[in-house]
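> Structure below; questions to follow.
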Amino acid sequence: MGDSRDLCPHLDSIGEVTKEDLLLKSMGTCQSCGVTGPNLWACLQVACPYVGCGESFADHSTIHAQAKKHNLTVNLTTFRLWCYACEKEVFLEQRLAAPLLGSSKFSEQDSPPPSHPLKAVPIAVADEGESESEDDDLKPRGLTGMKNLGNSCYMNAALQALSNCPPLTQFFLECGGLVRTDKKPALCKSYQKLVSEVWHKKRPSYVVPTSLSHGIKLVNPMFRGYAQQDTQEFLRCLMDQLHEELKEPVVATVALTEARDSDSSDTDEKREGDRSPSEDEFLSCDSSSDRGEGDGQGRGGGSSQAETELLIPDEASRAISEKERMKDRKFSWGQQRTNSEQVDEDADVDTTMAALDDQPAEAQPPSPRSSSPCRTPEPDNDAHLCSSSRPCSPVHHHEGHAKLSSSPPRASPVRMAPSYVLKKAQVLSAGSRRRKEQRYRSVISDIFDGSILSLVQCLTCDRVSATVETFQDLSLPIPGKEDLAKLHSAIYQNVPAKPGTCGDSYAAQGWLAFIVEYIRRFVVSCTPSWFWGPVVTLEDCLAAFFAADELKGDNMYSCERCKKLRNGVKYCKVLRLPEILCIHLKRFRHEVMYSFKINSHVSFPLEGLDLRPFLAKECTSQITTYDLLSVICHHGTAGSGHYIAYCQNVINGQWYEFDDQYVTEVHETVVQNAEGYVLFYRKSSEEAVRERQQVVSLAAMREPSLLRFYVSREWLNKFNTFAEPGPITNQTFLCSHGGIPPHKYHYIDDLVVILPQNVWEHLYNRFGGGPAVNHLYVCSICQVEIEALAKRRRIEIDTFIKLNKAFQAEESPGIIYCISMQWFREWEAFVKGKDNEPPGPIDNSRIAQVKGSGHVQLKQGADYGQISEETWTYLNSLYGGGPEIAIRQSVAQPLGPESLHGEQKIEAEARAV
């Protein structure tokens, strides 16, 4: 449908058409037979006012078109166009939108034309209200179903829930130029196309997500076939792949920013507290040497109130965010992924953690994602807090059968919080890796990533180990009656429980199920609450997840200081809140012989979910309340069932049920009574809306300025959708030297927009960050480095091919060297240009085995490759490392006349490098 709009050559015959004219004609009658609407057709030929009836009557519109040779006509009910000559549907939306385009780009009129082909700044002005009112007359966007491809309801429900997360959807709609990848299967492109179809003004009733379904099956074979899968597993796999395809390295620009800001001391004093405590400096006093600025930095600590948020709305004809401004929807700043860190707590120092609060810090950029589904870096020490009793971090590994509806949650007993004191934290360095670890970020990590501080204390020596772990979702246990009683007595004895309903959601599984469900609800409503037990709320599940655990018995803590198993205690708190909080309720249990589903109703708030009780004192997030965006529900048993999603439309604020290709409006009470499985919450902030309106007012002033400022388009998208967008991050289109990386220059217009001086100064004073950019140029330093890197790669790969060719031609080599294939694959990716980072020193430790005599031999079954001595010498001279593992071949001399043929002996020896 999208391709046909450029193929019709008859659009030039259309006269001046406005929507008001079409609406006026729709209230008339057929000029031939006098019949009234609906489904009248208006001729679009220049100076032709004819209105005729359609095929449901005498079809005078077709007769008129054939007689007069007027090819184009428009349906006055649906506003769809038909070309009789092309015999297909065409589109008029570009002509209808023409009056709107001039009002949305004021910078083209008031600023000199740019020398570089950059897009105008997407700032709304006062007269955009008219375009919004015209948009409101159209059908709400986003209400598009998805066809079931065969037990694919788990995918459809997950995609609908993600589609109704405005920060993510707005990125794919407004920042399409940033969706670039050379990684297969290019799932981000398929998702972008799907989102564009779902949110198009001329949306179909449903779409068929074939391309995305095919791509996810290539990524994870578990989703191949037509078996029912877990929607949570699909969400993780999809977002992992989107991150991998869209991730970009974080540019270390501390020195650059300091150099640019050194001449503005007054501004520096105003924003002295702009940098929020990072996890590096929160855990360390001397970790600033290897830190770069990232999205996560920046808080207005210089003022008494929290840092305010601003909005620059995008073009009114496309932006979802303008609708959000009218409805006062609230958003927040999704902070970034960080590595796990270990903290050692000495028993002979202070007995509180107050010292942690006083650590000066600056924000830390996100770290690389793990390739595992949970995407949490594995700690190298005992500070990893995932035990068999209850995971104290958001990491949980699914082990259920692939054909079941969900994966099994681990047993989650809720324990009383023991009384104990924590010691002052001191950092243990994680140990330098041989290869420099590159930090990455993406729109996925910006929106969905939060972090948790997990601590384990030895009750004998009081040593405390801490781990900072990144989470994408929180998998919460559903507490039973006994656990709920302990929680309420120990934690919520002074906090009244929020009211909620006890009824489960209506499961559309036939009349029998409906009747049974109706009777059950009636019985529940007539029975005292003490009979069924207390209402389980989402806050109870959060309290159960964050409750302290005692480590004793079979689950004792291995203390590094005591060198023994000791009784301990562990707990966790949220260190950084995400923009979108994804909550997964553990409704499925898979035991050895059977599986079952927990059908307990969990009451969850539609607005005002407050996470303050679960925050660490060192939490950097200012906004702690969330509003519900969408909820995925599962109807059925552990072995089979059906997924649907309830989502709030961001344009009109109404709730809708998405059941494959069927979309139905529902009341919010239906959502409250739903049996939630996966919930998406979004930060709320009224202050953000007011600040956005202030920026719109500044933009409408149209003050003439001599300087134009370039700002990151991606950061402006955060303005549109985040409550806490953080400091301006122009590093996303700059290199570490302050110029444009050569590989980005050809699409720089997709990365930046132009701001007038008054808007830039306001944003810069409020949010900090930067750096200020008035001129775009290709970085000559990066160009030289790229050329040198290309030359190095070419020399290394040519030399290897030459040496390996000679090795293959050698019939009986006297010595063969072994090299780890893991390291070799990293080197191969580097020389082929797939990875910009060199592999680091050769690491043969994985394929080496130490014998009792101290000699190192080749490990049996090791993943290794064979190279010549010359090749080993060449690679070792470039990268170093080891140990050296050589397989020597020698022919033994015959010991007697019976030994006629000589015996070949293969001796593996290793020489430490």
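One is the number of the first residue shown, and numbering goes on along the chain from there.
The backbone N, Cα and C atoms fix where each Cβ goes, glycine too.
Swiss-Prot feature annotations, pasted as is:
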BINDING   Cys8, His10, Cys83, Cys86  Zn(2+) 1 binding site
BINDING   Cys43, Cys48, His64, His70  Zn(2+) 3 binding site
DOMAIN    144-684  domain 'USP'
DOMAIN    686-779  domain 'DUSP 1'
DOMAIN    788-891  domain 'DUSP 2'
MOD_RES   Ser111  phosphoserine
MOD_RES   Ser131  phosphoserine
MOD_RES   Ser133  phosphoserine
MOD_RES   Thr257  phosphothreonine
MOD_RES   Ser304  phosphoserine
MOD_RES   Ser367  phosphoserine
MOD_RES   Thr376  phosphothreonine
MOD_RES   Ser407  phosphoserine
MOD_RES   Ser412  phosphoserine
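Describe each of these features in terms of where it is and what it packs against.
In this view, Cys83 (Zn(2+) 1 binding site) is surrounded by 21 other Cβ atoms within 10 Å of its Cβ, with every protein chain counted.
Secondary structure at Cys43 (Zn(2+) 3 binding site), taken from DSSP and collapsed to helix, strand or coil, is strand.
Predicted-model confidence for the domain 'DUSP 2' (788-891) is 89, expressed as mean pLDDT.
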> Could you check which of the binding-site residues (Cys43, Cys48, His64, His70) sits closest to His10 (Zn(2+) 1 binding site), going Cα to Cα?
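Checked the binding-site residues Cys43, Cys48, His64, His70; minimum Cα distance to His10 (Zn(2+) 1 binding site) goes to His70.
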> Using C-alpha atoms only, work out the spacing between Cys8 (Zn(2+) 1 binding site) and His70 (Zn(2+) 3 binding site) and round it to an integer in Å.
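Here the two Cα atoms lie 14 Å apart.
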> Go through Cys8, Cys43, Cys48, our binding-site residues, and report the one whose Cβ sees the most other Cβ atoms within 10 Å.
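Per the Cβ count within 10 Å, the most buried is Cys43.
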> I'd like the per-state residue tally for the domain 'DUSP 2' (788-891) from DSSP, helix first, then strand, then coil.
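DSSP composition of the domain 'DUSP 2' (788-891): 44 helix, 28 strand, 32 coil.
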> Quick one: of His10, His64, His70, which of the binding-site residues has the smallest count of other CB atoms within 10 A?
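Fewest other Cβ atoms within 10 Å, among the binding-site residues His10, His64, His70, is found for His10.
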> Just checking: which of Cys48, His64, His70 have a Cα that is within 10 Å of the Cα of Cys83 (Zn(2+) 1 binding site), counting only these binding-site residues?
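Close binding-site residues: His70.
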> State the three-class DSSP label for Cys83 (Zn(2+) 1 binding site), counting H, G and I as helix, E and B as strand, and everything else as coil.
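Cys83 (Zn(2+) 1 binding site) sits in a strand per DSSP.
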> Give me the Cα-Cα distance between His64 (Zn(2+) 3 binding site) and Cys86 (Zn(2+) 1 binding site), rounded to a whole Å.
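Between the alpha carbons of His64 (Zn(2+) 3 binding site) and Cys86 (Zn(2+) 1 binding site) there are 16 Å.
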> Around the Zn(2+) 3 site (Cys43, Cys48, His64, His70), what further same-chain residues have their C-beta within 8 angstroms of the site's C-beta centre?
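Other same-chain residues with Cβ inside the cutoff are Leu44, Gln45, Tyr50, Gly52, Ser61, Ala65, Lys68, Thr73.
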